[in-house]
Amino acid sequence: MTSVHQDRDTEPPAGTAHRRRWRPGSLEILGLVLLLALLLRDPLQRWSKVLPSGWSTVFVAICVQATPFLVLGVLVSGVIAAFVPARFFTAVLPRRAALAVPVAGVCGIALPGCECGSVPIADRLMDRGVRPSAALAFLLSAPAINPVVLVATAVAFTAEPRMVWARLVAGLATAVVVGGVWERLGRPEWLRPRVRRPVGDAQGWPAFVDAVRGDFTQAAGFLVIGAAAAATLQTVVPRAFMEHVGGSVVLSILAMAVLAFVLALCSESDAFVAASFATIPVVGKLVFLTVGPAVDVKLVAMQSGTFGRRFAVRFAPLTFVVAVVVGTVTGLLFFGGWR
Amino acid sequence: MNRQAQSVLMALVGGVLLAVTVSGRYTSYVKPGFGPLLLLAGGILVVAGVAALLLSLRDDRRRRAEHGGVPAVAEPVPAVAAAAETGHGSTGAVPAGDEAVLQGGHGHDHDRSRAPWLLLAPVLVLLVVAPPALGAEAVTRNAGSQAVAGMEAVQQPSGAGAEDAAGGTSGGYAFNDGSGHGEGTAAFAKRRPTKQFPPLPAGEDPAIGIKEFVLRALYDADDSVGDTPVTVVGFVAPAGDGWTGGYSIARLAISCCAADATPMRIHVDGTPPYPVDTWVSAVVTARAGTAAQDNDYVPAADVVSMQRVTQPADPYEH
């Protein structure tokens, strides 16, 4: 009776002749790891000193800070999976891609969260028959243009109120352009193969709970990789190198784009960081705010986990280039020069 | 990782989140305003984890009943089998119960995704290492100009950047406008940009934040912190660039989480009375004209008195 899980995990497949040796189930390994960690707490604590100072704090901070938004994301994704029929999206979204992509982009306004939450939602939308380009436009626009982010931007840039509108336009334009490019050039086989849920199977609350569990553990797992990468880069690269590139416009824009990718800040706090870069021209700050929510080291990890590596290696560079160009052009239009 | 372990892990993450929040340790990582959000998220994760565990146990029981005691071995669905073989079973897309299919059909691939295991990393770091709030090393690492955007010296050598921008399009100084306008170096020294600050809190040696002290020392037209001793709380950190000798009283300001921490420093001459990273409460007055571009606009202060204190409940300023 007590060995249900081992049995489940190690049950030889029907029709396989040879017997497999006993392997512990994941639940047993999980318990063992936790037990060992508690028993070996002191040696582990000493060993953790090899990490760069502050690494574990920044790592935990990014994870803790992202969790509420990720939970919101998987709850929305679970609702879509369990309670919203697939025909809802075909009815609501325009049939033509040229319309569906911008509409999906504008829908991003409705999700008050940061970028980690929108990954499982976009995945679920594709699952429910939304065309990938439209789901990707939503993925990119939601973290950039939702009301919480716009209010935070307005607070950070009190004396440059145009920044809010510039950010809204640049974020939406990036999402729509990337969605459009993907619609023309993207191939379905770049996306990880989808396994369609049999229609009518396990709808309602059990399906909801199951979707929340699967989405959360998967997306959070990759969030952890991204947080570790961001913490490493943060604690190894001194931030002061930014101060020396402010003189050159091109250099400062590129540096801000790379920094947005590397820092992997939550889109609700990046405006405050951008405002604090004293020597950077305003166009560079807009590029920072456009690239950050669209593509960063944490998002690439989550996207390659959710949509597959072949997707991520194409989507991330595309998004990066489009965001830099759109951010720069929007900045020039809004602020009438580099400044 | 199978469904049960995933459910347990999810509840565990929620529980740790609740524990960290209730114990108040969360302020070392995020701003206090996150508290309610973390409680909500932690609660949802615990409830969802327990519910998912119960559901999967119920499913197991049903299957055992249906198969007469033999645990779930379903027929492999071709699409699912293909996904499992290439190791590309998408979590979002794999329907409920298909893990049993994968496990049954492909014993070698029973944990169809290893990603959930990574969730153990932050849990273990929190339980074992219990990372402290960022301190003096982060101050040194993240150090940069303390001049507020719009008030700082522009480093562009070209005249177009420096002197033209000194007037600014927004009619002189605008507080933290983030626009990148700047005063020329010479202009800053000659004509310090100022703004009106509200009066200091009443009482003897009123307590203010280090960030506010720095801003007042740099930009207060009335030099409030130059005339009136105020109490600041921070930790001892090494002296910044551009200062020889002495030490800093520092505090990190965060806007969201510790990943966006920005140091705020006050320079003090003399040998530090306590080791680096010791929290102190100090009564200080700002010394006029000490903050400049070559010391990252860190103002110097004279210490009237200083004593050791315990780390505040919220180690950061905002």
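Keep in mind that glycine also has a Cβ here, set from the backbone N, Cα and C atoms.
Database features, via TrEMBL:
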type	residues	note
TRANSMEM	A:21-39	transmembrane segment
TRANSMEM	A:59-85	transmembrane segment
TRANSMEM	A:97-122	transmembrane segment
TRANSMEM	A:134-157	transmembrane segment
TRANSMEM	A:164-182	transmembrane segment
TRANSMEM	A:216-233	transmembrane segment
TRANSMEM	A:245-265	transmembrane segment
TRANSMEM	A:271-295	transmembrane segment
TRANSMEM	A:315-338	transmembrane segment
CB contact flag for the transmembrane segment (A:271-295) and the transmembrane segment (A:134-157), at least three pairs under 8 A: yes
Best-contacting stretch, by C-beta pairs under 8 Å, relative to the transmembrane segment (A:315-338) and drawn from A:21-39, A:97-122, A:164-182, A:245-265: A:164-182
Beyond the flanks of the transmembrane segment (A:164-182) by 6 or more, those residues with Cβ under 8 Å of it: 97-98, 101-102, 104-106, 108, 132-134, 136-141, 144-145, 149-150, 153-154, 157, 271, 286, 289-290, 293-294, 315, 318-319, 322-323, 326-327, 330-331, 334-335
